Amino acid sequence: MFSWIFIPLFLQIPNFFCVFISYNISKCYYIIAEDFHHKGDVVIGAFFPIHTYHTMNKVPHPYLPYYYMDNYLQYNFKSYQYILALLFAIEEINGNPNLLPNISLGFDFYNVRFTEKDTLMNVCMWLTAHREKFILPNYNCEKKYFTAALTGTSWTISAQIGTLFQLFKFPQLSFGPYDPILSDRNQYSFLYQIAPKSSSLSLGIVSLMVHFRWSWVGLILPDDHKGNKILSDFKNEMERKGICIAFVKMIPATWSSHLNQFWKNIDETNVIIIYGDIDSLEGLMRNIRQRLLTGKVWVMNIEPHFTDYADYFFLDSFHGSLIFTYHYSERFEFTNFIQTVNPYKYPEDIYLPKLWHLFFKCSFSDNGCQLLNNCQFNASLDALPRHIFDESMSDESTSIYNAVYAVAHSLHELTLQQVQMEPYENGEETLFFPWQLNSFLKDIEVGGQMRLDWRQEGQQLSLTEQIIQWPEEFSEIPRSVCSESCGHGFRKVILEGNAVCCYKCTPCAHNEISNKTDEDQCMKCPDSHYANTEKNYCLKKAVSFLAYEDLLGMILASIALCLSALTVFVIGIFVKNRHTPIVKANNQALSYILLITLTFCFLCSLTFIGQPNKNTCILQQTTFGVAFTAALATVLAKAITVVIAFKATFPGRIVRWLMISRAPNYIIPICTLIQVGFCGTWMATSPPFIDQDAHTEHGHIIIFCNKGSSVAFHCVLGYLCFLALCGYTVAFLSRTLPDTFNESKFLSFSLLVFFCVWVTFLPVYHSTKGKFMVATEIFSILASSTALLGFIFGPKCYIVLLRPDENTFNYIRNKIHSRKNKSQKT
């Protein structure tokens, strides 16, 4: 399980720290030994850095090797917790009667410098100081002997010391971060790593990026094999979670405050991950403070360690940082132990006097730099702010604690084995060598790391947003993205040559939506739905057809009914005036048939209005085709009748046969049967059916009657045009016959209009969609029918209703007589 902390801007420092600025630092503060020792029968060697020396010009000391005249001493008091964790574990074990009874543990601490010569020199000093026999003392002996070594925190320190210990098969426990190099058993056969072999911290950091939607982050890592390994882990996990790396900076071996190139593109992102161990990141932390880099969220796996006392009272650069650590069960005993620690209880400690002098105003004596008992009241380590000294066990301190217990249990098992194999009397000593512990330490090591039951924890990110204090530049949760999120109705378009997190937002295409942010693809609405204006939701399409409730449908239906009523009215006029010459002329029966068929032509347009169904789709085309065929065949018969009638004055054999047989009357059924055949074939092979169009009209599904067979529909229409053309030809050729009984001019003109209407209909019909396509066909039906009704019967109704004096046999006889007189005079 993970835990994390944040670093606040204004530290809750007790009032007595405020006087630090004017407080004089004693010269004793800068005098420090390189080692100290805690008594015990068996001692553990501890090698890690607490204080360091920095030098600018490396002026050599006249007689001290590896020392320089311009040394600058710096303390890392945060790492001082390592010594306390070591001391705490040893005192716990010494107070436990069931573990190493009557044998006390102690330790020898040696401060490790960062040069290999200094490190190996300290190890050699320790080894030569304990060059006696390795013997387990009896209960009365006061001699001390060493048993194992603790090394850290960096892998380089453990590796340097391990090379020497390897020669003596000396057990070495490394408490720094796990490193695969140190697990090489060929090179480090007797080195045991306490830290967990896991990349869970990096996984936890990536989970944090996902939680806050930080998709554009920077990486700062050590320039070594561990940095390369963690870089690979970050890249793999970030790629899997859709997080992009803005830049990768590898920490150089040496730092300069003027290293401008390193920070060149630092402003590309608001969130920067710093991952490494304490030693590799110390120079980086110092450089960040020197540059006062603010306005960044630093996500780190260690807390900043400060070595300059001025930094303890100002922490602006790391305000709002998030620190990832492994979560361990809280040890309240350790916290209680911290409260009891003071330089008077442990006079051998070389660091406690420095802390008490620096933070609690204790004075040093003039002779020997002994700490005087004139400190502030209730001086205690737990009063120090967390960034100076943390009373909660760190990862490294927990590893030290576990390492000491691993050594103690191994030594306990060894003593039991020695007692069972070689019983001894009082006063006798049992021999043992440190390398004998290796067999016991290996028993609790699995896969290159220590198998310690008290270490086992789950791996889960624990986060409480409410207590986070972000850097003061951010008034809310910081954003760290290469491109702003694409909102609803947009999708991402990756820019060529850039990371996947760098993109532009483009609106979803027609009838596509996106209802999540940063969608890679928009989702197409089903045909039954359409995208709303914002393109974030699919709305159900409304069904659309030419209904009677629509204004257009209402107008067309009204026109059709009115024209049908008008036709019936004309029929009534003709029936009432059936004995008049104008009605009886040109075959009265054909006139009645034509008027009746025109009535059906007007009424058939109503089948095109309303919601289509299977029956209406079939009825539309059959009634249209048959009704118009009967009407045109009747017009053709009337035209032929006119020709026959005017040829009767000079009857030939054929004309006489036509008049006797009434042949024109057969034109209507013959022509109609032909059209019925066309329609029957059409209905049998590919009948019309209900279809829908979900794309033409936005937000609507148009329901219409699909013709089924376009060829059949055009054949029916072509046949009608053929009949109209035949009737027009016959009527046109008979236009010069006498006017009195000749309606050929009206027939020809009406058929011409009919022909023009349907020829114009075709391109208009195919260029419209939906209800307007249906309206176009209805309009053509009504227009062509009106042409036949108006131009054929309009003149006759005019004479019957308005000029009745011209509708008499005397008027017609006088008109014929006057025409003959004119022709004789000429």
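Every residue gets a Cβ built from N, Cα and C, even glycine.
Keep in mind that TrEMBL annotations are predicted by a computer and have not been checked by a curator.
When the ranges 1-19, 666-684 are checked against TrEMBL, the one recorded as transmembrane segment is 666-684. Proximity of distant same-chain residues to the transmembrane segment (551-577), defined by a Cβ-Cβ separation under 8 Å and at least 6 residues beyond the stretch ends, is recorded for 583, 588, 591-592, 595-596, 598-599, 602-603, 605-606, 609-610, 771, 775, 778-779, 782, 785-786, 789, 793, 796-797, 800-801, 807. If you look at the transmembrane segment (622-646), the same-chain residues 6 or more away from its ends with a CB under 8 A from one of its CBs are 586-587, 590-591, 593-594, 597-598, 600-601, 604, 607, 655, 658-659, 664-665, 667-668, 670-672, 674-676, 678-679, 683, 716, 719-720, 723-724, 726-727, 730-731, 733-734, 737-738, 741-744, 747-748, 750-751, 754, 781, 784-785, 788, 792. Counted over residue pairs separated by six or more positions, the transmembrane segment (772-793) shares at least 3 Cβ pairs under 8 angstroms with the transmembrane segment (589-610), which defines the two as touching.
The list of residues near the transmembrane segment (589-610) in space but at least 6 beyond its ends in sequence, with Cβ under 8 angstroms from a Cβ of it, reads 545-548, 553, 556-557, 560-561, 563-564, 567-568, 570-571, 574, 583, 616, 619-620, 623-624, 627-628, 630-631, 634-635, 637-638, 641, 664-665, 668, 774, 777-778, 781-782, 784-785, 788-789, 792-793. Under 8 Å from some Cβ of the transmembrane segment (746-766) lie the Cβ atoms of residues 632, 635, 638-639, 642, 717, 720-721, 724-725, 727-728, 731-732, 735, 773, 776-777, 780, 783-784, 787-788, 790-792, 794-795, all in the same chain and six or more residues away from its ends.
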